[in-house]
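The following features are taken from TrEMBL:
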- B:12-33: transmembrane segment (TRANSMEM)
- B:53-79: transmembrane segment (TRANSMEM)
- B:91-108: transmembrane segment (TRANSMEM)
- B:128-151: transmembrane segment (TRANSMEM)
- B:186-212: transmembrane segment (TRANSMEM)
- B:224-243: transmembrane segment (TRANSMEM)
- B:264-281: transmembrane segment (TRANSMEM)
- B:301-320: transmembrane segment (TRANSMEM)
- B:327-349: transmembrane segment (TRANSMEM)
- B:369-392: transmembrane segment (TRANSMEM)
Amino acid sequence: MNINRRGFFKVMGAAGATAMTPAAGARAWESAAPPDAFGCLVDLTRCIGCRKCEEACNRVNGLPAPEISFDDPTVLDTRRRPHEKSYTVVNRYFPGTLDTHDQLVPTFVKLQCMHCQDPACASACIVGALTKKENGSVYYDVGKCIGCRYCMVACPFEIPAYEYHDPVTPRVMKCTFCFERISKENGLPGCAQICPVEAITFGRRDTVMALAKQRLKDNPGKYVNHIYGEKEVGGTSWIYISSEPFEDLGFPSLPDRPTPKLAETIQHGLFSYLWSPILLFGVLGGIMRRNEKKNVHGKDKEARHDA
Amino acid sequence: MTHNPRPVNKKFWTPGVYVMLAFMAAGAVAVIARFTGGIGYVSNLSTARPWGLWVGVDVATGVALAAGGFTTAALAHIFGRHAYEPVTRPALLTAVLGYTFVVLGLMVDIGRSWAIWKPMFNWNPNSVLFEVAMCVMFYLNVLYIEFLPIVAEQFKNSVRLPGTLALLNRPLEFLLQFADRLLDKFMWIFIIAGVVLSCMHQSSLGSLMLIAPTKIHPLWYTPILPLLFLTSAFSVGYPMVVFETTLATTSMGLADEMEILTPLIRITIFTLGTYMALKLGDMMVRGTWVYLLDGTYQTNAFLIEIILGVIVPWCMLLSLRVRQSRSLLFTACSLIVGGVALNRINVFIVAYSPPVSHSNYFPAPGEFLVTAGLIATLMFIYRFVVTFLPVLSGSREVSV
């Protein structure tokens, strides 16, 4: 194999031209959160654990009937996670507060996809099957999915579930934020619409955020001073307020930094316009050419001096 | 130095080959179960633990241990150290097979195996996995192209198909000759591309886990994870060549090639030393050494990885006596290979602990069977190929 001069410069010229295409190069990482996203405020002080939201979610999304009826309160005796047959679950916690009869006061926590402002799953997805939509939902397009489950690795809330028992066409299963319903005028997610105590408030994320702050301000001492999801992993579309500390209610403590930031910064820094591979190709090509020439002129000093 | 690779003229059906066949059969059963009952039927994977043995071993470790291919190609063909050409062919074969099996392993692991082509048309440039997949795809093609001359060398001027297939003799002969001549002219492009693609995806495999900062143990979670993956891939390349050359020459009764391996491994002192310095330095800078003696299985796995897999073999390689002794060199290189393999397993499996559900994971028997079956098939094909194609240096074959 020999590397001839013309061939080398032809290839490098073409590669160089590709790299020079008008470009700002690697820019600082910026959030791609939609400006006008919807959100939901969950007020845990209001939730009574009736599980109507679970039932409504099951119905509007056409999910399979549950093994135990939605009316059966014993379900709350075990902690559950959302799974491939239910996008949302309500868990009961006893963080330690007592009522006037010295009974532990329960706090109920509804879990579902948080619909992050800068979702790690969407950044990770190899084919872009998961995307953050303008209306705020993190949308899953099964038509693109190959089933690599990198979204599940990436999700800091451990939300996406998988149809592990489907051998050929398994899907990633998670809350859709009722994408179709909220895309319509005055549409509400199934859970927010049914909630009998208005524990779930649906609206523009800015609006529900302001509402959360208002409630904290209007009721001094009632809530802990923390809106979960305001800053966590760069912010989520679903936000929570509570009278109990979130770490006692199973919420993970997460950094404010958007999860995809580090990996995306490294990727784009190294591979924008493929500058580093092209540079490396050029350098290696140069070295190879020089060594070929040396060989031709018979000046090759072999690796004999080693060892 | 005369470098004269030849097919190995030895008996193919040995007891070892039958053992491989047994593992292949068991693996096949598990694969059938996977494609009838689903991933959940044969594995312990879950919502919280979506990646397990198949990604950690079949994919991540497979890619790392195939690094002998691009590191020897770079040395012999780009840096012009032609003395090392005898080891490029077996290393290339290992890489061809390694990457083929990475893809086969992925086919088992991904839920929609039939959709594996979709990343070609649905690009997500934000996704580290997308870049890895593209590089692996291109690199696999480059590897096959690099291997083609070996096939051509064996069969050109001797295409003799039996019976009616004889009609194809002339066209096949022409194709081989044509490919051989054409490739000879352009092979440099593929050789450099192979090295570039390898550097890209070897490092990016490390970037994969950067998306999960809250799940990966701090001993392994560092922004320089891609650099550590790249330098460890450089480090494991030549030890892997020593490892497999020693195994192959022993099991097939060939000359031991020590006159090439001894100088070759000197380079590893530098690459492994760099990896060691980066890894220890990173631990100091981030202050993660505070975890070292907390006695958890994660920390212990880290200690084994860094002491037995990096520090001990590096110190061994410093000694000329070790580099010249076949058994000591094999020991040191096995430790390095094991250390890098353990590093990949640690990063993808051991270091991973989901903080919300605290879900534990240990591979199911079905997962082990698939992985063992894939490795056995790889070894079987290696054996088959070196028996019938000019891969190993047969010129100094010793009789046994």
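Note: Cβ is positioned from N, Cα and C throughout, glycine not excepted.
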Distal contacts, the transmembrane segment (B:264-281) - CB-CB under 8 A, six or more residues away: 75, 84, 87, 224, 227-228, 231-232, 234-235, 237-239, 241-242, 306, 310-311, 313-314, 317-318, 323, 329, 332-333, 336
Sequence-remote partners of the transmembrane segment (B:301-320) [C-beta within less than 8 Å, at least six residues beyond its ends]: 217, 219-220, 239, 265-266, 268-269, 272-273, 275-276, 279-280, 291-292, 328, 331-333, 335-336, 338-340, 342-343, 346, 350
Selection from B:12-33, B:91-108, B:186-212, B:224-243, B:369-392, the stretch that has most Cβ pairs under 8 A to the transmembrane segment (B:128-151): B:186-212
Cβ contacts under 8 Å made by the transmembrane segment (B:369-392) with residues that lie 6+ beyond its boundaries: 5-8, 10, 12, 17, 19-31, 34, 42, 53-54, 57-58, 89-90, 93-94, 97-98, 100-101, 104-105, 108, 150-151, 153-154, 248-249, 252, 254
Winner by Cβ pairs under 8 Å against the transmembrane segment (B:327-349), considering only B:12-33, B:91-108, B:186-212, B:224-243: B:224-243
Cβ-Cβ under 8 Å with the transmembrane segment (B:91-108): same-chain residues at least 6 beyond its ends: 31, 34, 54, 58-59, 62-63, 65-73, 116, 136, 139-140, 143-144, 146-147, 150, 237, 240-241, 244, 370-371, 374-375, 377-378, 381-382, 385-386, 391
